[in-house]
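Everything below concerns the one structure shown next.
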Amino acid sequence: YRILSIYELYIILAFSLCNGDAEAFSTDLLVGGPRCSGRVEVLHGKTWATVCDADFDQQDAEVVCRELGCGAPVEVLGTAAFGRGEGQVWTKELQCRGNESQIHLCPKSYTLKHDCSHDNDVGLVCADMVRLVDGSSRCAGRVEVLHRGQWGTVCDDDWDMRDAAVVCRELGCGEAVDAVGNAHFGPGSGPIWMNKVACSGSESTLKNCGSSGRVSDCQHAGVICSGVRLVGGPHCAGRVEVIHGKTWTTVCDADFDQQDAEVVCRELGCGPPVEVLGAAAFGRGEGQLWTEELQCRGNESDIYACPTSSTVKHDCSHDSDVGLVCADSVRLVDGGTRCAGRVEVLHRGQWGTVCVEGSSVIAAVVVCRQLGCGGILSATVSDTAGSGPIWMSQLTCSGSESTLKNCGSLGWGKHRCSHLDDAELICSGHKMPRLKDGPHLCSGRVEVLHGKTWSTVCDADFDQQDAEVVCRELGCGLPVEVLGAAAFGRGEGQLWTEELQCRGNESDIYSCPTSLVKKNCSHYRDVGLICSGYTAARLVNGWDSCSGRVELLYLSDWGSVCGDSWDMRAASVLCGQLKCGSAVAVLGVDWFGEGSDHIRADVFDCHGNETHLQLGCGSVLNFSSSSPSSPEQHSHICVIGFNCSGSEGHLGNCSSANLLNLSCSSREQLSITCSGISIRLVGSGGDCAGRLEVFLNGSWGTVCDDSWDIEDAQVVCRQLQCGVALSAHVPAWFGPGTGPIWLNEVQCEGRETSLWNCRYQSGGKHDCRHKEDVGVVCSGEVCSLQLTKGCEGNLEVFYNGTWGNVCVNGMNEETVNLICQELNCGRTGSESTSRAKLESSPNWLDQVKCRKHDSTLWHCPSDPWGHNKCDNGKEVAHITCSGRQILPGSCSGRLEVYHNAVWGSICDDQWDIRDAEVVCRQLGCGKALSANGSATFGAGEGVIWLNRVECRGDEIHLWDCSYSLKNHTDCSHKEDAGVTCAVGKSEMITTSRPLPQPATSPVVLLVLGVLLFLALVLLSGLVYQNRVLRKGRAHSHIIHSFRHLIS
């Protein structure tokens, strides 16, 4: 063997290299892996060569990891696990003993035993040189570094977010969320290897940062990294990726909801979620998809605290990678737009300010870039003092940081400032509109503030969509008219050199795309705009919220409306806008009282199908309060059209095509009545159950049951604010209605907020009769049922705010069994008659007859609520169930079932979230959070009754699922299954229903009956024969005796 010098032979890990040249070389080969892991390559002479996996073992790995300053080897990977290399394959075989400090000390064989290619390139995973311990995951905890084979801690002196960013990057743990000190994760032990760490933030490893070396005593530093990241978008937006081990994985959009988004945004230190986007909105990811489903409640601090389901229910690809937009963690406030104002940062859920003292202008550059607001125009002390904590001061940034939090500072909350020192910025993206020289704040010449300069806008570059955004941003309602040719006078100064290209749904003009103006414009073509100024409407002093005097909010002033120009079409639009159905009447003459002196006289020209009121005239040029000579008279001029030459100083100097002079008395203020809530439930005595009726074309009518199902009923209950639908009842269950049948073939998805958002047929065209009228029962009325003594007693239901009786008349076996099952009181029961506990209690239900397919009592046919001839002195249903009731609160723990008078556990083979869903539903414990196995809640004792449980997830009871029932000796209590439900916690979940026994076939019973009958016949024959024989013997004895006497 020949020993090579250190200058002849080096080794690299392609994801983690030792010098700058090697790093630049390898980065082109492999990108994105964590440090201390990668394909093994050796430098021989001036050539890098890969190593064959058949010629590399654990002892070689020990030496490689040691020489690179990494921890012990974690895994040796063959078959080009980190990608195929290029160039030569090393022609020697390492034969290390494992205790060498460097590979040039290892013996080598010059004869390879294997014929290798790059398909056999060996890879290696070493433990990191830095780790986070005593935290909630490998990405949070006390910082410890490996030096000379021994782990030690890091001192928190001068420890900041730049240092934390390096640690998180080195561990492949996403962005740094917080840099903590004061032994936040508890004190460590052993040496303190580093003190006064000074990273720039760009280092690849903590050891590359400057420090003052070992100290004997100080508080220990900690780091919180995000176990999740957003990729492919600006800060706080992008494709969601979750770290699994050391690999980043994407998340399926079908397995991610608003609660998961809340936690991800919080963990990343961003604001609340703005939007969850599916279908790879931020591009398709690479590599693995996460094989678990997050089931966050939304209040967790990080995703590691969220329950997960190990079984993903959807077959996903990278085309379904989920994306997320969170609000940013820095903002500019009180500056007019999002690109100007006082600097505030979000830390630990609270907004605070930034002190300008000692902070460089580079920090301002980072803020503007982070917000996507261009470059910096000015950085000063804020004119308006902030409030709350002062989070950051003495900011030192390099300019390369992606977020202000990655800049150096004195530390969170450490400062020598007051709010008089709060920082304020104006970024180049600061764009703000105004309306100048108009008769009121919501009309005038359009001008845009870009940076620090106001500019007018060319009329050829401004359309209706742009107008909608400007009116919205100014809080001026909807646009009425866009006017060209300097209708509000010619402006001064610059003309804006950009053209707005708004879609119309943006919140401000900054969000609109722009392009450079190609047209030649002058101030003679300055565009003008009239906005309605109306931002809200209400009805006051009426009988309810859907009737009263009409008042409109104009800017910040509420005023009444003159009734002269209003008709039913305009009133119907307003009723619809207020979600009050349709208009019933337009009333005048002070019907609901006199309003204020401010009376609006605008003309609303509506067709009746609009969603909001639209002004039919240009503008109100003059509206005055009461004059001394006529205290109840208000005069108004409403301009219907304009005829301007372009030279007028303002719109009032233009001639009008039609001036409508309005004179409005305070006694002519407009009042209207709307139909109110346009659906109702009638016939039950309560508001949340009954026959469904809708208000259309001025009258109430019913709904036909064609295509009607539980999803449609859910929407009705939601619209009426009556909870959830318990049933979509059988036709005319609450009695037939009268009048028109307005709707038919209703088809809701179940998520709509109003019945009118569903598909339906209307207009009275149908073949239905009132015996098909739909009825609905919502949970707002019927809350529960009970037996007065737990699992036996009088049956009572809570309806319309009162407990009442259920009568026994017509009750069948299916009904009794279903009631026991709903109450978790066994699978079967028996009924008898009883008297009511209280003579005054109502008899709510009678003739209840459940069917085999009914899953709840509320789905069963019965007489209408409260309509019966039941005698509560002797006809109240008394039910005795076969099982015991489950104690409330048992909503997480080891699952046990009651069978053959013995409690036993369930084996976790094939146990998944769908099985847990059924258990939680059966126990009334809400949504299943997780399906637990491996005796998570401790090992049980005794029998293991069930194994291989397979539920679809929509079953009402566990017993409706497929399972193996016996004393399972093939499963140990180390495999006991458990569940965690959304409501309550306990140590053990039990279900007291006896498990169903195999049913005896009717044919078998018949055969056994016939055999028993034949046996009885045979037995009877034998008995008769025996009697005859006895009689014969007796007769013979008598004759013999008689003969003996004669002789």
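Every residue, even glycine, has its Cβ placed from backbone N, Cα and C.
Taking the Cβ of Cys52 (disulfide bond) as centre and 10 Å as the limit, one finds 23 other Cβ atoms among all the protein chains shown. Taken from TrEMBL, the feature disulfide bond covers Cys52-Cys116 (among others).
Residue density at Cys126 (disulfide bond): 24 other Cβ atoms are found within 10 A of its Cβ, drawing on all protein chains shown. The disulfide bond annotation in TrEMBL covers Cys65-Cys126 (among others).
Residues or ranges marked as disulfide bond by TrEMBL: Cys96-Cys106 (among others). Neighbour count (other Cβ atoms within 10 Å of the Cβ, all protein chains): 21 for Cys96 (disulfide bond).
The annotation disulfide bond is assigned in TrEMBL to Cys199-Cys209 (among others). Neighbour list (Cys209 (disulfide bond), Cβ cut-off 8 Å, at least 6 residues apart, same chain): Asp163, Val166, Val197, Ala198, Cys199, Ser200, Glu203.
What TrEMBL records for Cys252-Cys316 (among others) is disulfide bond. The Cβ neighbour count for Cys316 (disulfide bond), using a 10 Å radius and every protein chain shown, is 19.
As annotated by TrEMBL, disulfide bond applies to Cys265-Cys326 (among others). If you draw a 10 Å sphere around the CB of Cys265 (disulfide bond), it holds 23 other CB atoms from the protein chains shown.
In sequence order, Asp260, Val263, Leu294, Gln295, Cys296, Arg297, Glu300 are the residues of the chain that are 6 or more apart from Cys306 (disulfide bond) and have a CB within less than 8 Å of its CB. Sequence annotations record features per position, and here TrEMBL assigns disulfide bond to Cys296-Cys306 (among others).
Here TrEMBL flags Cys502-Cys512 (among others) as disulfide bond. Around the Cβ of Cys502 (disulfide bond), the number of neighbouring Cβ atoms within 10 Å comes to 22.
The disulfide bond feature in TrEMBL is assigned to Cys644-Cys654 (among others).
The annotation disulfide bond is assigned in TrEMBL to Cys850-Cys860 (among others).
Within the same chain, residues at least six positions away from Cys981 (disulfide bond) with a Cβ under 8 Å of its Cβ are Cys891, Ser892, Ala916, Val919, Cys920, Leu923, Cys925, Gly926, Lys927, Ala928, Leu929. TrEMBL lists Cys920-Cys981 (among others) with the feature disulfide bond.
In sequence order, Asp915, Val918, Val949, Glu950, Cys951, Arg952, Glu955 are the residues near Cys961 (disulfide bond), counting only same-chain partners six or more apart with C-beta under 8 A. The annotation disulfide bond is assigned in TrEMBL to Cys951-Cys961 (among others).
Summarising the annotation, TrEMBL assigns domain 'SRCR' to 27-127 (among others).
Sequence annotations record features per position, and here TrEMBL assigns domain 'SRCR' to 130-226 (among others). Note on the domain 'SRCR' (130-226): mean pLDDT across this stretch is 83.
Look at TrEMBL and you will find 228-327 (among others) tagged as domain 'SRCR'. Secondary structure of the domain 'SRCR' (228-327) per DSSP (helix as H, G, I; strand as E, B; remaining residues coil): 19 helix, 33 strand, 48 coil.
Taken from TrEMBL, the feature domain 'SRCR' covers 330-428 (among others).
Under DSSP, residues within the domain 'SRCR' (330-428) fall into helix, strand and coil as 16 helix, 36 strand, 47 coil. Note: Cys860 (disulfide bond) has non-local neighbours Thr815, Leu818, Val848, Lys849, Cys850, Arg851, Asp854, i.e. same-chain residues 6+ apart with C-beta under 8 A of its own C-beta. For the disulfide-bonded residues listed here (Cys116, Cys920), the lowest count of other CB atoms within 10 A around the CB belongs to Cys116. Of the candidate disulfide-bonded residues, Cys116, Cys126, Cys512, the one lying closest to Cys265 (disulfide bond) when CA atoms are compared is Cys512. The C-beta environment of Cys106 (disulfide bond), restricted to residues of the same chain at least 6 apart in sequence and closer than 8 Å, consists of Asp60, Val63, Leu94, Gln95, Cys96, Arg97, Glu100. Summarised by DSSP class, the composition of the domain 'SRCR' (679-779) is 16 helix, 39 strand, 46 coil.
Taking every recorded stretch in 679-779, 785-882, 884-982 and counting its Cβ pairs under 8 Å to the domain 'SRCR' (228-327), the highest total belongs to 884-982. Of all the disulfide-bonded residues listed here (Cys52, Cys116, Cys326, Cys502, Cys512), Cys52 has the Cα closest to the Cα of Cys126 (disulfide bond). Taking a C-beta cut-off of under 8 Å and a sequence gap of six or more, Cys512 (disulfide bond) has these contacts in its own chain: Asp466, Val469, Leu500, Gln501, Cys502, Arg503, Glu506.
A straight line from the CA of Cys52 (disulfide bond) to the CA of Cys316 (disulfide bond) spans 36 Å.
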